[in-house]
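Taken straight from Swiss-Prot:
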type	residues	note
ACT_SITE	ASP123	active site
ACT_SITE	ASP141	active site
TRANSMEM	5-25	transmembrane segment
TRANSMEM	70-90	transmembrane segment
TRANSMEM	102-122	transmembrane segment
TRANSMEM	137-157	transmembrane segment
Amino acid sequence: MNRTIMSTGLRWLWLALVVLALDLGSKQWVMTHFWLGESVPVIPFINFTYAHNPGAAFSFLADIGGWQRWAFSAIAVVIAVVLLVMMYRSDKRARLSNAAYAMIIGGALGNLFDRMVHGVVIDFIDFYVGNWHWPTFNVADVGICIGAVLIVLEGFCRPAGKTASQKG
């Protein structure tokens, strides 16, 4: 198979870099300008609240041992590699799936960086309605969630019998 990288889904990796840059940049800004635990209202339903999360998305498994840092790091690496392979095997015209994979890769790498460098994931977006608060999250989590939603949407929108990696 003699394909150039630009003819594959890997040409969408720029989107992973955008998600990664926005994630790391926003976290650096929060760590520089906020005290841990400090909360600042942004708009009526969002605060920026600097938090450390030793668990996974939405603080899943945050309150146990310490092994989850390494387990979630390994999972992030495996997911990123699997999605890179899928992007390589995919045609560049499979825009929705490649964009979704790239966003998930960018988010996974952003949270992986935090786990490796800080030992925890830096979270700061606090969405709330009244007194009910969603678990604090970050830009990487947003990228991962949007990517997952795009994959589900693609599953509903794809013509029957055609896969994302098939060439048009």
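Here the Cβ of each residue, glycine as well, is placed from N, Cα and C on the backbone.
Beyond the transmembrane segment (102-122), the same-chain residues lying 6 or more positions past its ends with a Cβ under 8 Å from any Cβ of the stretch are 12-20, 23-24, 27, 30-31, 50-55, 69, 72-73, 76-77, 79-80, 83-84, 87, 138-144, 146-148, 150. Cα-Cα distance from ASP141 (active site) to ASP123 (active site): 9 Å (rounded to the nearest whole number). Same-chain neighbours of the transmembrane segment (70-90): 5, 8-10, 12-13, 55-56, 97-98, 101-102, 104-105, 108-109, 111-112, 115-116, 164-165, counting only residues six or more beyond its ends whose CB sits under 8 Å from a CB of the stretch.
Sequence-distant contacts of ASP123 (active site), defined as residues of its own chain at least six apart whose C-beta falls under 8 angstroms from its C-beta, comprise THR49, ALA51, HIS52, ASN53, PRO135, THR136, PHE137, ASN138, ASP141. For ASP141 (active site), other Cβ atoms within 10 Å of its Cβ number 22. ASP141 (active site) carries a helical DSSP state (H, G or I).
ASP123 (active site) falls within a strand segment according to DSSP.
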